[in-house]
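Asks: Can you read through this structure? Questions will come right after.
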Amino acid sequence: MLYASQRGRLTENLRNALQQDSTTQGCLGAETPSIMYTGAKPDRWAHPLVGTIHASNLYCPMLRAYCRHYGPRPVFVASDESLPMFGASPALHTPVQVQMCLLPELRDTLQRLLPPPNLEDSEALTEFKTSVSSARAILEDPNFLEMREFVTSLASFLSGQYKHKPARLEAFQKQVVLHSFYFLISIKSLEITDTMFDIFQSAFGLEEMTLEKLHIFKQKASVFLIPRRHGKTWIVVAIISLILSNLSNVQIGYVAHQKHVASAVFTEIIDTLTKSFDSKRVEVNKETSTITFRHSGKISSTVMCATCFNKNSIRGQTFHLLFVDEANFIKKEALPAILGFMLQKDAKIIFISSVNSADQATSFLYKLKDAQERLLNVVSYVCQEHRQDFDMQDSMVSCPCFRLHIPSYITMDSNIRATTNLFLDGAFSTELMGDTSSLSQGSLSRTVRDDAINQLELCRVDTLNPRVAGRLASSLYVYVDPAYTNNTSASGTGIAAVTHDRADPNRVIVLGLEHFFLKDLTGDAALQIATCVVALVSSIVTLHPHLEEVKVAVEGNSSQDSAVAIASIIGESCPLPCAFVHTKDKTSSLQWPMYLLTNEKSKAFERLIYAVNTASLSASQVTVSNTIQLSFDPVLYLISQIRAIKPIPLRDGTYTYTGKQRNLSDDVLVALVMAHFLATTQKHTFKKVH
């Protein structure tokens, strides 16, 4: 039995012995290169293990792989057999009884192709010796030695030397380790970050990962959505304990959603440090919930454990790593204090949480799926393609295209699924499996019900039937939301034409929809848009001869002059008498045929949402569209935008609405919203232009 206080001295003795006996460390001690390329200086590259070679070899994966397998490896205190516990590739060992040799023909050919190095080029020789010195200096760098100690301690931790029980990291746990470890490298070793990234690749089994992808670990924030009981808090405790004990001058923060969780983590970190390391170096301050680990001759490392209920406890602190446990349940009042660390140059926030589908407010992290940087990491047992199959088969517990890997401490089968869903429908998918597809489809607080959308799609009105046409009003309401661009990836001109029931103005029928883009940016944009409106009205009037007048609103928020021009052209060319919504000029008594959209938009959206959910909005069986693709049903085109409606809360407690998607604008939806608003409110005054 050995005291923990003696561990450091024994570790140093073992490391020295390994370095003396190592057969690979001598490679960096070579004074003469194996290859000496004597070309121009810009064309050569000094490699510390090979010599001076052509610079094109910098991009040679074979050389990189050869040096990684046969070159010197960082000497870890634990044996290399323990490294595969968290994904490392084992070192290549050649059996003693096997004598490796080259075939004579191959040897002679290589000797002709590779003449003895020419050591007369003193400049190239100096470059080689400089590269060797630089490589040695990195292996002796204090930060490198600390990082090596962290990897060594992690291997020992997983092999059971601390907890007396071997463990193996899950994929997401390894990711949390990598995000923490590589970020600390990037802030503690700025000048040699890429070199150290490369050195530690083999320890984590990342040989095939490019340096560009490794830079993902330098992100200022990372988010992990993990199912319940998968070891989220366990790995955070291990990471914090090992960082404190092996790395100097590191400040860590831990924020939990409940006080008892923070207290449990605080106690577990103390227990790990005092039992596995020198307890005399551990200082605990229970009043401030801080733990300090003193490093001889270096700056101490600390961790503070706080809760979101004391939102000011972390203000004024400096953290290099801030772990936010169960982040989906953190009080929103505490988020500004947490997100403030994003401004700190050498700080990283790691959000770790389970998935919760009970409330939109506690599932906000999934919104980061659209972030420009790949911040979101989700563990799920079902993919998007098989989501519907999963719902239809009660016996399925995972996606058929996945190779199911369930941690040993998790029970997941059809009986568990059935029992869990009896308590709360859908709980198995979200809480236990990490399924976030329901979040992406807006099922948390669905704005428009699925059955209402299905009715809008399937139950269309036969407006060509004389009996139905006799019940419809004689007025056609048209709303024009013009856009003066020919970029089909941006917003286009949205046009919607509706009418209503003669007896019930709240019952609205959609007769026409247009999504129009300018062919080119010329001076006749107003003419093109107006022509599109006139063509739509002409088609509708041809099918519905009972219509007697057209009431139009041309939005003028983008360009008032163009809106007036559009209204004038429509008034002159329309086959029916036209009346327009007018806006009074503030500086004079003049009224212009345009509509300025203000705060009525939110009310109009709410009115349309109510209409869809109550089936008071319908579409005609002959809904007209001259611009939406012939292969695409205009009503389905509209429904795709209705499904995307989402409310956005404002500071004053009200909401604004949008239907914009990544690959589709909401121009047609906005036009329909406002056309429906004009037809149902009956409060706007329409006047003729001439």
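Including glycine, each Cβ sits where the backbone N, Cα and C put it.
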Asks: With Swiss-Prot as the source, identify the stretch among 63-68, 321-326, 609-614 annotated motif 'Walker B motif'.
Replies: 321-326
Asks: May I ask you to indicate which of 18-25, 226-233, 554-561 is given in Swiss-Prot as motif 'Walker A motif'?
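Replies: Spelled out, Swiss-Prot records motif 'Walker A motif' over residues 226-233, not the other listed ranges.
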Asks: Do any residues, 6 or more residues outside the motif 'Walker B motif' (321-326), come within under 8 Å Cβ-to-Cβ of it, and if so which ones?
Replies: 180, 183-184, 232-233, 236, 240, 243, 250, 252-258, 261, 265, 314, 338, 341, 347-354
Asks: Which is it, of Glu326, Asp481, Glu555, Asp667: the one of these active-site residues whose Cβ has the most other Cβ atoms within 10 Å?
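Replies: Top count of Cβ atoms within 10 Å goes to Asp481.
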Asks: Any idea what the Cα distance is from Asp667 (active site, for nuclease activity) over to Asp481 (active site, for nuclease activity), rounded to a whole Å?
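Replies: So the alpha carbons of Asp667 (active site, for nuclease activity) and Asp481 (active site, for nuclease activity) sit roughly 7 Å from each other.
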Asks: In whole Å, how far does the CA atom of Asp481 (active site, for nuclease activity) lie from that of Glu555 (active site, for nuclease activity)?
Replies: 5
Asks: What is the three-state DSSP composition of the motif 'Walker B motif' (321-326), stated as helix, strand and coil residue counts?
Replies: 0 helix, 5 strand, 1 coil
